[in-house]
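Student: As annotated in Swiss-Prot:
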- SER62: phosphoserine (MOD_RES)
- THR69: phosphothreonine (MOD_RES)
- THR73: phosphothreonine (MOD_RES)
- SER90: phosphoserine (MOD_RES)
- THR116: phosphothreonine (MOD_RES)
- SER136: phosphoserine (MOD_RES)
- 282-293: compositional bias 'Polar residues' (COMPBIAS)
- 318-334: compositional bias 'Low complexity' (COMPBIAS)
- SER340: phosphoserine (MOD_RES)
- 346-363: compositional bias 'Basic and acidic residues' (COMPBIAS)
- SER367: phosphoserine (MOD_RES)
- LYS374: N6-acetyllysine (MOD_RES)
- 443-454: compositional bias 'Polar residues' (COMPBIAS)
- SER446: phosphoserine (MOD_RES)
- 455-467: compositional bias 'Low complexity' (COMPBIAS)
- SER490: phosphoserine (MOD_RES)
- SER498: phosphoserine (MOD_RES)
Amino acid sequence: MKFKLHVNSARQYKDLWNMSDDKPFLCTAPGCGQRFTNEDHLAVHKHKHEMTLKFGPARNDSVIVADQTPTPTRFLKNCEEVGLFNELASPFENEFKKASEDDIKKMPLDLSPLATPIIRSKIEEPSVVETTHQDSPLPHPESTTSDEKEVPLAQTAQPTSAIVRPASLQVPNVLLTSSDSSVIIQQAVPSPTSSTVITQAPSSNRPIVPVPGPFPLLLHLPNGQTMPVAIPASITSSNVHVPAAVPLVRPVTMVPSVPGIPGPSSPQPVQSEAKMRLKAALTQQHPPVTNGDTVKGHGSGLVRTQSEESRPQSLQQPATSTTETPASPAHTTPQTQSTSGRRRRAANEDPDEKRRKFLERNRAAASRCRQKRKVWVQSLEKKAEDLSSLNGQLQSEVTLLRNEVAQLKQLLLAHKDCPVTAMQKKSGYHTADKDDSSEDISVPSSPHTEAIQHSSVSTSNGVSSTSKAEAVATSVLTQMADQSTEPALSQIVMAPSSQSQPSGS
């Protein structure tokens, strides 16, 4: 029994030794004891170990995995979250703000040369001033329009609410009306900005008394501070005009902002360049009234004041300023109203609507491009068909001409032993051309007769006669091509034969 165990162990040891000799390369991975004959096999095996998937712990069925498939909708949503569709801020906005602040800081606060309008002595009701703002191309952070102030009068106890905007350093003209008593104060300055303030008061024929004291104002600075400014009440070199009647019921005027003085901030956001171009085109199509023009209606009392010079391309507000009575609605311009409505709609569009319109325009452009390409391809196909038909006609014509040439060659070869050729050989008409085997064709000047002269080389073999016949056939074809427009072929007469035939007879 012990002997058998010893033999078995010896055999196993021998097998292991032989195996280790045959496959000396052992895999060092944990749990794997495979051996390989060469190092390449071992490297491939180790690579399999490295590429083995490592699964984590078993997941429960209750766990819901969020779908992260990158669909177009999710892509657009991510773009919106990141802010790719937001309009970029203008790089010059901060510079404009800084420049306006610097101009405000450098502006002198002594406004003594300024003049103030004349206010009536006794007023039954407070005067009301309605102003609408017209944007300037420059961004203005705050408003410098002063609050309503109580103006001390000489013989009155009721206040007057007035809104005054310092647009320049002078008030050149003051227009006063006695009938229907409307005070129109219009600033017409040569600077590129102008301002108009229309003040309405009830009917009164009281005398006009200037304000004895200074006119107080509050100037709002961009940093939030409020600074009181005193303006003297004396008016220097002002022209006072008293027309017959200028009825004004609801005056509305535009108060454009002045460069260097921040005006009322625009309620609308900064618009994109495309919107600005669109609005510029609309403004050019409907040009507004020029600055300083006051149109007075004969029966309706329509007054329009426009300050267009203040902004060459102000694109965020309607361009016209109209003051009219309710009794004259026919003077309103529907074209201007529709233009302003379109601008408001363009300003209030949401990004989804913009994107939808953009996609619609892209689809329309793509369809137009496809239609143009289709028309172009159809024209090319038609041209190719025409060229192929023309090519077929030319090929058929070439085939007919080749058949005709072959028939004529056969006819000439059949008449190679003609007695006319024999007579020509005997006469020795072309003795000089025997060496070069050439041919000469002589056409008489007579319109009714043609003479075809053949030249041949008198050789003993038949090969030379065959080549001679082919040369003669070529010459005849050339002759026929030259005289295809002439009448039917006339009698063929050889020049030497006409002289040698009587002698032979």
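Cβ atoms here come from the backbone N, Cα and C positions, even for glycine.
Quick caveat, the model's predicted, so the values are computed rather than measured.
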Student: Can you tell me the three-state DSSP label for SER90 (phosphoserine)?
Tutor: coil
Student: Determine the Cβ neighbour count for THR69 (phosphothreonine): the number of other Cβ atoms within 10 Å of its Cβ.
Tutor: 5
Student: Measuring CA to CA, name the entry from the modified residues SER90, SER367, LYS374 that ends up nearest THR69 (phosphothreonine).
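Tutor: Out of the listed candidates, the nearest Cα belongs to SER367.
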Student: Closest of the modified residues to SER90 (phosphoserine), Cα to Cα, picking from THR73, SER367, LYS374?
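Tutor: Considering only the listed modified residues, the nearest one is THR73.
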Student: List the helix, strand and coil residue totals of the compositional bias 'Basic and acidic residues' (346-363) as derived from DSSP.
Tutor: 16 helix, 0 strand, 2 coil
Student: Have a look around SER367 (phosphoserine) and count the other CB atoms within 10 A of its CB, chains all included.
Tutor: 10
Student: When a 10 Å sphere is centred on the Cβ of LYS374 (N6-acetyllysine), how many other Cβ atoms does it contain?
Tutor: 10
Student: Look at each of the modified residues, THR73, SER90, and point out the one with the fewest other Cβ atoms around it within 10 Å.
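Tutor: Each of the modified residues THR73, SER90 was scored by Cβ atoms within 10 Å; lowest is THR73.
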